[in-house]
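To keep things clear, I will list the structure first and then write my remarks on it.
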Amino acid sequence: MNLNSIPAFQDNYIWVLTNDEGRCVIVDPGEAAPVLKAIAEHKWMPEAIFLTHHHHDHVGGVKELLQHFPQMTVYGPAETQDKGATHLVGDGDTIRVLGEKFTLFATPGHTLGHVCYFSRPYLFCGDTLFSGGCGRLFEGTPSQMYQSLMKINSLPDDTLICCAHEYTLANIKFALSILPHDSFINEYYRKVKELRVKKQMTLPVILKNERKINLFLRTEDIDLINEINKETILQQPEARFAWLRSKKDTF
């Protein structure tokens, strides 16, 4: 299996997973034009689309792609049924695409019906987890998003986080505003800044490394707890997550 990315809009990535025969699955195609261009250039044969949630920048290209490739199966949660999904999927479902088994996780928070697709090592997590951050809570609660992130955090160390936006630099700047002396975050900031100066992507990221630099995965970390305690005493990791998310919303 080979992982490919197609830039879209201002900061989206449309992921394309291909096998040795050139058959492919397209993840969250927010627009069709760059996908069609890549398909023509690489002579890919689209077999399926994975949708993580219903937002337009993740589903906007589905109907046009289906006009070109009507044989494709479009998998998505119930909230994408009117966005082009042909096969509805949910928590605990397994599907076989490109000869590989993918497991579905419900990850509510960003939207109520958000799902992730996992076939080791690839995790297509849409707008749930970003490098250094997590999605805004447009529909779900902090508790829901926290539990969703803990599902992801329980995956194997070598999991490749294939999220949908290039938000890494801004997220790491936020992390440094909370833990300015953290050695892992500072090292990652230098690396990410260098990549972005060269207009190179920072994704995908390995979960093992993400646990070190993403504050939203470190709500039981003593350094973070001590920093939060300077402002407010929060006993539960879910409450610390909510505090962080609130801070990020206004950063």
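A Cβ is built for glycine as well, from the same backbone N, Cα and C atoms used for every other residue.
According to Swiss-Prot, the feature divalent metal cation 1 binding site maps to His53, His55, His110, Asp127. Here Swiss-Prot flags Asp57, His58, Asp127, His165 as divalent metal cation 2 binding site, drawing on experimental evidence.
Positions of the features from Swiss-Prot, shown on the structure.
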{"residue": "His53", "record": "divalent metal cation 1 binding site", "DSSP class": "coil"}
{"residue": "His58", "record": "divalent metal cation 2 binding site", "DSSP class": "helix"}
{"residue": "His110", "record": "divalent metal cation 1 binding site", "DSSP class": "coil"}
{"residue": "Asp127", "record": "divalent metal cation 1 binding site", "DSSP class": "coil"}
{"residue": "His165", "record": "divalent metal cation 2 binding site", "DSSP class": "strand"}
Around the Cβ of Asp57 (divalent metal cation 2 binding site), the count of other Cβ atoms that are within 10 Å:
19
His110 (divalent metal cation 1 binding site) to His165 (divalent metal cation 2 binding site): how many Å between their Cα atoms?
13
Output, ordered by sequence, the same-chain residues six or more apart from His58 (divalent metal cation 2 binding site) with a CB under 8 Å from its CB, or 'none'.
Asn12, Asp28, Pro29, Gly30, Leu51, Thr52, Gly126, Asp127, Ala164
Using CB atoms and a 10 A radius, I'd like the single residue among the binding-site residues His55, His110, His165 with the highest neighbour count.
His110
Provide, as an integer number of angstrom, the distance between the C-alpha atoms of His53 (divalent metal cation 1 binding site) and His165 (divalent metal cation 2 binding site).
14
Using Cα coordinates, what distance in whole Å links His55 (divalent metal cation 1 binding site) and His165 (divalent metal cation 2 binding site)?
13
Other CB atoms within 10 A, centred on His53 (divalent metal cation 1 binding site):
28
Residues within 8 Å of the Asp57, His58, Asp127, His165 Cβ centre (excluding the divalent metal cation 2 site residues themselves):
Asn12, Asp28, Gly30, His53, His55, Gly126, Ala164
Cβ-based neighbourhood (8 Å from the centroid) of the divalent metal cation 1 site, residues His53, His55, His110, Asp127 excluded:
Thr52, His54, His58, Thr111, His114, Gly126, Thr128, Gly135, Phe138, Ala164
